[in-house]
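If you check TrEMBL, you get these features:
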- 1-39: region 'Disordered' (REGION)
- 7-18: compositional bias 'Basic and acidic residues' (COMPBIAS)
- 25-38: compositional bias 'Basic and acidic residues' (COMPBIAS)
- 83-123: region 'Disordered' (REGION)
- 88-99: compositional bias 'Polar residues' (COMPBIAS)
- 106-118: compositional bias 'Pro residues' (COMPBIAS)
- 133-154: transmembrane segment (TRANSMEM)
- 175-196: transmembrane segment (TRANSMEM)
- 208-229: transmembrane segment (TRANSMEM)
- 236-257: transmembrane segment (TRANSMEM)
- 307-325: transmembrane segment (TRANSMEM)
- 458-477: transmembrane segment (TRANSMEM)
- 483-500: transmembrane segment (TRANSMEM)
Amino acid sequence: MGAAEPVVERESERREEEGKEEEGNERKEEGGDVEKGEVLGVQEKVIDSSNFDVNNNLNNQFGGSHAAMMQRLNPTTPLRIVIGGSSRMPTPSPSQTALPRSAPIPQTPLPRSAPIPQPSQTTLNSRRYTNKISLFLFVVHMVAAVGLVSFLIFKGIQGLIEASESVKRKERRIVKFYLPQVETASLLSITLAFIWQKAVRQWPRTMVPFILWSSFFSSLSAGILLICFQRASTDGVGICLIAFAIGNGLYACWVTQRIGFCTEILIKSLEPVPKFGDLNQPTYWMLGVGFLWMSLWILAVIGAMNFYFTPLVIIVLVLSLAWTAEVMRNIVNLTVSRVIALYYLRGMQSIPQNCFQRAFTQNLGSACLGSLFVPTIEALRIVARGLNLLEGEDEFMFSCAHCCLNVMQSIFRYGNGWAFVQIATYGKGFVQASQDTWQLFVRQGMESIVDSDITSSICFLTGVCSGSICVIVVAAWTARVHQTFTATLSLLSFFIGYLMTRIAMAVPHACVSCYYVCYAENPSNILFDKTIQDHQSMMADRGVAAATPRVPRRFSA
């Protein structure tokens with residue numbers, strides 16, 4: 001029995017040693033984790049106090065001295081354990097933060113910083129409809145116009161079938177000697193429209209002075225031809241054309257110095273056009289729709305001649321046709337502007353068909369509003385410039401003219417043709433786009449350059465030239481078959497020829513507008529050369545602040 005006791009004691013001591021070795025191995029594993037922490041650097045650890053027993057942790061892990069140290073720490077602040085070298089910072093004691101399991105741990109709300117406002121990004125894919133009121137008015141106008149045209153066509157057919165013999169004879173005479181000339185004028189104007197556009201794109205350096213002087217000679221020839229018929233009605237129309245030809249000739253002499261710069265800008269702005277093979281497709285659609293609507297419109301005019309208040313009805317039809325044709329022209333303008341502007345600003349090759357769909361839907365309201373105000377504002381601005389170009393002795397009259405010019409210049413900033421570029425690109429409203437575009441010009445110091453640009457005048461004069469050619473053809477034809485209709489058909493053919501040509505000339509006009517506006521937005525673009533910059537330097541060297549209009553010296557002070 002006595003020999004067995006030492007054996008029992010040795011087994012108990014061996015078990016105790018094995019237990020110590022296991023504890024040592026566990027501590028070594030913890031030490032290995034600590035060594036890993038030393039390699040990683042500094043670690044942050046937040047201790048949850050609800051998972052530990054206070055007394056066991058204090059007695060088994062840290063000892064009394066560590067517990068006393070932990071009691072002096074802030075119980076609400078998580079501690080950082082910094083491991084480095086031989087020193088080791090203790091972890092926080094659970095006794096300082098422990099709460100009953102049933103009680104929730106109080107959460108201190110952290111202060112939230114106010115959100116920083118982000119600048120609004122201008123999108124290129126805006127889906128909102130612009131200028132909805134003007135869009136609604138145009139839709140109502142088109143519904144009324146279709147109804148009126150249909151009613152007048154019905155009245156014309158009714159006159160041919162059910163009216164008296166005298167009315168039937170008059171209707172047949174109108175259809176026989178009226179309708180063929182007008183249809184011929186429509187087809188001729190469409191042909192001339194494509195010829196002008198193709199010639200301007202192929203030979204811009206030659207076509208700019210040619211258009212200036214051909215419009216002078218064609219309108220002068222048409223006026224002289226009408227006067228040769230020696231009728232009161234044709235004499236009145238002929239005198240108006242001759243007066244316009246004289247003003248056209250004076251204008252051509254006045255802008256001679258601007259032809260070179262206009263030609264350079266036209267050449268540069270037309271360079272991207274060959275990259276888009278179907279860029280003219282919207283023009284084909286608009287001219288086709290215009291021809292069909294023009295044919296129905298002519299039948300309505302014939303029916304109005306056998307209806308009450310014939311002059312008033314015809315004036316209403318003319319104004320409706322003018323607005324509709326101008327809207328079609330601006331749809332082409334918006335389509336081409338978006339294609340070319342995205343090429344300049346983003347280097348994108350857009351599909352013209354998608355841009356045409358966008359112009360016909362989202363941006364149609366802006367096209368309607370711009371079609372109403374831009375021609376009116378530009379016409380009044382030209383009249384105010386003309387008055388300021390005259391020298392006179394009447395101080396009151398010319399001071400009023402100068403005041404009117406300032407008013408028109410202010411209005412021009414809120415409604416101008418340059419706005420169609422930003423309408424097509426960013427989907428802005430007409431007034432907002434006009435303001436933003438003019439501010440771009442002011443910021444780049446380009447007001448005098450864009451103000452003296454004659455591209456819009458060149459496009460206008462191509463329409464005048466086509467209208468004058470249509471007058472010559474239709475007047476010569478009508479004088480041979482039924483001379484009574486000569487004056488009426490001359491005015492109508494001039495109107496048709498002008499409108500059709502302006503639709504086709506929207507392509508080069510939009511290209512030039514995009515060149516100016518996109519340059520003002522980003523002059524450092526590699527797609528632009530130094531043409532505008534050199535012209536600005538030249539104007540600054542000459543001391544030219546604004547070449548147009550020329551204000552009398554006594555008002556310039």
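Glycine is no exception: its Cβ is also placed from the backbone N, Cα and C atoms.
Unlike curated records, TrEMBL annotations are generated automatically.
Against the transmembrane segment (307-325), stretch 133-154 shows more Cβ pairs under 8 Å than any other of 133-154, 208-229, 458-477. When Cβ distances are compared across the two stretches, the transmembrane segment (483-500) makes contact with the transmembrane segment (175-196), since 3 or more pairs at least 6 residues apart fall below 8 angstroms.
For the transmembrane segment (458-477), the list of distant contacts is 181-182, 184-185, 188-189, 192-193, 196, 200, 208, 211-212, 214-215, 218-219, 221-222, 225-226, 229, 234, 241, 244, 248, 262, 486, 489-490, 493-502, 505-506, 508-509: same-chain residues at least six beyond its ends, Cβ to Cβ under 8 Å.
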